[in-house]
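Heads up: the structure comes next, in structure tokens.
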Amino acid sequence: MESSRGPPRVKNKAPAPVQISAEQLLREAVDRQEVNLQTPTQRFADLEELKEYQGRKRKEFEDYVRRNRVRLSNWLQYAQWELEQKEFARARSVFERALDVHPNNTQLWIRYVQAEIKNRNINHARNLLDRAVTRLPRVTSLWYQYLYVMEMLGDIPGTRQVFDRWMKWQPDEQAWSAYIRLEKRYGEFDRAREIFRAFTAVHPEPRTWLKWAKFEEEYGTSDTVREVFQTAIQTIAETLGDDAVDERIFIAFARYEARLREYERARAIYKFGLDNLPRSKSMTLHAHYTTFEKQFGDKEGVEDVILTKRRRLYEEQVKENAKNYDVWFDFARLEESGGDVDRTREVYERAIAQVPPTQEKRHWRRYIFLFLFYAIWEERETKDIGRARQIYDTCLNLIPHKKFTFAKVWVAKAHFEIRQGQLTTARKTLGRAIGMCPKDKIFKEYILLEQKLYEFERCRTLYEKHVMYNPANCQTWIKWAELERGLDDLERTRAIFELAVSQPILDMPEVVWKAYIDFEEEEGEYERTRALYERLLEKADHPKVWISYAQFEINIPDEAEEEEETEEEVEEKPVSEEAKARARKIFERAHKSMKERELKAERVSLLNAWLAFEKTHGSAEDIEKIQKQMPRKTKKKRKLEDDTWEEYVDYIFPADDQQTKNLSSLLAMANAWKQQAAGGAGGAAVDEAAQGGSS
């Protein structure tokens, strides 16, 4: 069992006294290596014995090929053995028999040809290659072997004939390139041009034309280079279509003209390519054009190139999807940066004409920003206030307010009117918004506007309408109360808070209660604060409320302390014993309430807060008293509705544990009494149980 668990552990990890080197390990491995078995050398005494051996081997090979004719290795081994015996005629016979079985096997043809070449039978090898390429004209390795043999023999006309035969089968580009390299090696450039013409007719791809153009740059004139490029563009467009024209042709053509210092020709080529190629296929062309203008153009030309490029990009994108508002944003910013007012206005008008197809708010969220940006641009850049106001009105009339609205549009329109000094129009705009489609944000902005103008009566009216519209919004009640408190109307503030806490539905009622309690505490109304805490506990008997209540009692100064306090006094006084006693009563009430309702987790959090309080303000006895009430954790399991079990943490309090023990003692006494009544022999047990219970 120990060995099956893994390799043995090394207990002593100290270095060994004798170290083993890598050289020693390799030497031992070589010394211990077993010697491979070697076939003993056969020696033949005379020719008759050799013939007998050859006959026996031939019979074995014949048996092999007869049993499995389709296995190529048998034929190759047979032929190779005959070659080793210098029996070339027999070897040819074996190869020919193998070709009858495998006439399309490239490896067999190549081995046959190599055998003839090795034995200097060149004519036979040439005939074999002729047969091979006739039989398998699509196998490039046979053609290359044939061409290699012909060129090594110095038969260049024969090599051309082989190439011509091969080119009739329209091979791949490498074959054409090999033919061209042959003519270049022997200085036949006119023949190479003719090959290029046939090459581009068979493979009219851009890279083929680029190879031809590069050839003409090396061995031709500028006119022939231009002719090649022009023919390439025209031929590719006619045979493969306009989309097949590659940007690399324009780039190479323009760079060639730039090298000749024909900058106007190069610029015309770049522009022609950009105008006729789609943007997705002219990215690199545009990058080269930009570089060209930076090198040989002026600043305006460079900026125009960049703007044109991006403008083409955005035009294609909006053509594909006119409802892509993010593209319209970028398009408008581009025209703004260009400084052309008419172009910018045209883009904005085209953009806002793309009304969302449905009346769903999610489709309108990006669309309305087009109006906002358009109006701001008209206001700031062109100073056309009338057009900006018209844009806002168009947007508001276009939005289906019965289904949804956008507060930001109403607020932007109001701020616009304020900037123009039209305060009445701004109020009418916000009032119209509240009347048509009230929203919390509109109320908030309207109230903020009136507060800045110190129109507090208008603020009160707006707050009244706001709480009528949405009485569950706690922040509205709190802001209203803060306004009244700032105006030093405490009774109105209390009335607002009372209305708020009496609402049946609030989104965050605890926030309102806290604001109300903080208000009374800051005003020094401690009895009112206590009453609020008691009312809150009736609604929400939560540990946080009890803890906050206790903290409040600690922070309340006594009457004597209130009289002694002055505004200049900054020293912090210790907490009085009366405040500590009040806080302890709160903790005791809370603990009793949670104990009766068996709220264990809440009870633990309360005890932790109580213990922290005693550590800060209590004595050692008080701390020990609370620590004795702290529970211990235990893990239990409970059954779920789907008949599975889950593990949870439960708390066992010392008081509850003692009650359980007392109940167990009582049950033991009852059980003993039952046994005594049944058999009469349990008196001793009853006495022992009674003693245990009394103890």
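Each residue, glycine too, has its Cβ placed from N, Cα and C.
The repeat 'HAT 1' annotation in Swiss-Prot covers 52-84. Per Swiss-Prot, the feature repeat 'HAT 3' maps to 120-152. What Swiss-Prot records for 154-185 is repeat 'HAT 4'. Under the heading repeat 'HAT 5', Swiss-Prot lists 187-218. Annotation comment: Swiss-Prot describes 261-295 as repeat 'HAT 7'. Taken from Swiss-Prot, the feature repeat 'HAT 9' applies to 339-373. Annotation source Swiss-Prot lists repeat 'HAT 10' at 383-419. Under the heading repeat 'HAT 11', Swiss-Prot lists 421-452. The feature repeat 'HAT 12' is assigned by Swiss-Prot to 454-486. Residues annotated as repeat 'HAT 13' in Swiss-Prot: 488-522. Sequence annotations record features per position, and here Swiss-Prot assigns repeat 'HAT 14' to 524-555. Residues or ranges marked as repeat 'HAT 15' by Swiss-Prot: 578-616.
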Sequence-remote partners of the repeat 'HAT 13' (488-522) [C-beta within less than 8 Å, at least six residues beyond its ends]: 467, 471-475, 477-478, 480-481, 528-529, 532-533, 535-536, 540, 548, 552
For the repeat 'HAT 15' (578-616), the mean pLDDT of the predicted model: 80
Structural state census, the repeat 'HAT 3' (120-152) (DSSP three-state): 27 helix, 0 strand, 6 coil
Chain residues in Cβ proximity to the repeat 'HAT 10' (383-419) (below 8 Å; excluding those fewer than six residues from its ends, i.e. six or more beyond): 352, 355, 359, 361, 364, 368, 371-372, 374-376, 425-427, 429-430, 432-433, 436-437, 439, 441-442, 445-446, 449
Within the repeat 'HAT 14' (524-555), residues counted as helix, strand or coil by DSSP: 27 helix, 0 strand, 5 coil
Secondary structure composition of the repeat 'HAT 13' (488-522) [DSSP: H/G/I, E/B, coil]: 26 helix, 0 strand, 9 coil
Non-local residues, at least 6 beyond the ends, that sit with Cβ under 8 Å of the repeat 'HAT 9' (339-373): 318, 322-323, 325-326, 328-329, 331-332, 381-382, 391-392, 394-395, 398-400, 403-404, 406, 408-409, 412
